[in-house]
Structure formats: structure tokens, C-alpha cells
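Asker: Mind having a look at this structure? Questions to follow.
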Amino acid sequence: RQNRHEASCRIVSPPVCGNELLEKGEECDCGSPRNCRDPCCDAATCKLHSWVECESGECCDQCRFIKAGNVCRPQRSECDIAESCTGQSAQCPTDDFHKNGQPCLSNYGYCYNGNCPIMHHQCYALFGSGAIVAQDGCFKFNDRGDKFFYCRKENVIITPCAQEDVKCGRLFCHTKKSECDFDYSEDPDYGMVDHGTKCADGKVCNSNRQCVDVTTAY
């Protein structure tokens with residue numbers, strides 16, 4: 001047996017134009033004509049004006065498509081490509097970037113998914129502006145395969161770095177504290193060299209933390 005409250009919840013009210021609720025049959029509802037602040041909406045009918053091309057989006061302004069050529073997503077690095085409005089859509093085109101493996105930052109790195117990952121920037125992110133990449137000798141710790149130094153860690157299985165892959169494991173930085181400073185957490189990827197980072201001339205770290213030829217890495 002239903003109580004009154006359950007029964008009342010099933011009553012469907014007819015749509016009311018002007019109550020600021022988008023209901024069945026309405027394209028918009030911006031309140032009364034006096035209070036409406038939506039230039040795209042005809043407050044009297046709760047329909048969009050006939051000239052409206054769009055209501056929202058990176059390439060929509062005052063209910064019309066922004067002219068073609070206006071940048072809607074700026075270039076975030078030299079590996080990225082700026083996107084511009086097409087004049088035919090309210091949405092910014094799909095994010096695009098230069099080909100993975102293209103040299104960047106004066107050949108200190110290679111493009112990877114729109115960024116140019118290099119160890120120096122990763123040291124800066126971990127330890128601040130005074131940090132630089134440590135000497136090559138520090139990275140040799142990564143062949144130990146212990147709690148801190150490894151190439152892969154999956155559950156309890158720790159895989160040490162092969163000698164040729166040591167620069168794809170734990171990131172080592174030269175700081176005021178130590179010449180071989182590093183950071184770690186319970187997250188097995190924290191403090192590790194980022195995927196796509198240059199590990200030798202013509203080579204980058206792949207997703208398995210192997211230092212492989214840049215032409216086959218992606």
C-alpha cells in the first residue's frame with residue numbers, strides 16, 4: 001500500500017515557461033523576460049532565438065560561432081600545436097601535437113604527447129630551482145632492484161634495471177642535500193624518470209622503463 005508521500009512523488013507537473021527549470025518541450029528557460037540574462041533564449045517562449053548558432057563552448061561567443069582562426073587552445077610547449085576555432089563549431093578542435101620523437105629543447109629531449117620531458121625539469125619539480133640532474137654514476141643504483149631503486153615494481157615483484165636501462169628508473173638529482181638525491185613514496189611511479197624522457201642520444205624511456213631507440217619507442 002502506498003502512503004501519500006510516495007504517491008505525491010509520482011505527480012508530473014506540466015512545464016512552466018519562466019521558472020528557470022529546463023523542462024520537457026523547452027529549449028531554454030532563463031526566467032521571466034525582465035530577469036532573463038541569457039541572450040540566446042527567448043524568455044517569452046522558452047525557445048532559442050532563430051539566429052542562435054550555439055549556447056556554450058570554447059568557440060562560442062554571444063550565441064554565435066567565433067570566427068575561424070581565433071586560437072582556442074594555446075600551444076603549451078614546442079611539441080604542442082595551437083588549435084583555432086573553425087567558424088563552424090562551438091567546440092575547439094581535438095588537441096593535436098607534433099610527432100612523438102621529434103627533437104625538442106635544443107636536442108635535450110624528444111617530443112612525447114605534446115610535451116618535451118627532460119630530467120632537468122623533473123628534478124626542478126621534485127626539489128626546486130636549485131636542483132640539477134645528478135652524475136651518471138648515481139643512476140647505477142637502479143640495478144639493485146630493492147625497495148628504492150628499480151625499473152619496475154608491480155605489487156611485491158621488483159624488477160631491477162638492466163645496465164642499459166638505469167636512466168629509466170629512479171630519478172637522481174644533485175641538490176644542496178646530496179649529489180645523488182632522490183625521492184620516493186608508496187606510489188611506485190613517484191620520483192621515477194618520466195616516460196618519453198631522453199636516456200641517451202637517440203634513445204628514450206618507454207612505458208616498460210627500457211631505454212630504447214626513439215624510432216621504435218612509440
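Heads up, the Cβ atoms here are built off N, Cα and C, so glycines get one too.
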Asker: Looking at Swiss-Prot, which of Cys54, Cys59, Cys60, Cys63 bridges to Cys40 via a disulfide?
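Answerer: Answer per the record: Cys63.
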Asker: Quick test of reading the record: Swiss-Prot lists a disulfide for Cys161. Which of Cys151, Cys168 is on the other end?
Answerer: Cys151
Asker: Just give me the nearest neighbour of Cys173 (disulfide bond) among the binding-site residues Val16, Leu21, Glu23, Glu26, Cα to Cα.
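Answerer: Among Val16, Leu21, Glu23, Glu26, Leu21.
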Asker: Could you name the residues, excluding Val16, Leu21, Glu23, Glu26, Asp29, of the same chain that surround the Ca(2+) site, i.e. Cβ within 8 Å of the Cβ centre of those residues, in sequence order?
Answerer: Pro15, Cys17, Gly18, Asn19, Glu20, Leu22, Cys46
Asker: What's the CA-CA gap between Cys63 (disulfide bond) and Cys28 (disulfide bond) in angstrom, rounded?
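Answerer: Checking the Cα atoms of Cys63 (disulfide bond) and Cys28 (disulfide bond) gives a distance of 13 Å.
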Asker: When you put Cys72 (disulfide bond) at the centre and draw a 10 Å sphere around its Cα, which of the disulfide-bonded residues Cys30, Cys59, Cys85, Cys161 have their Cα inside it?
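Answerer: Within 10 Å Cα-Cα: Cys59, Cys85.
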Asker: Kindly report the helix/strand/coil residue split of the domain 'Disintegrin' (14-100) according to DSSP, in that order.
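Answerer: DSSP composition of the domain 'Disintegrin' (14-100): 0 helix, 15 strand, 72 coil.
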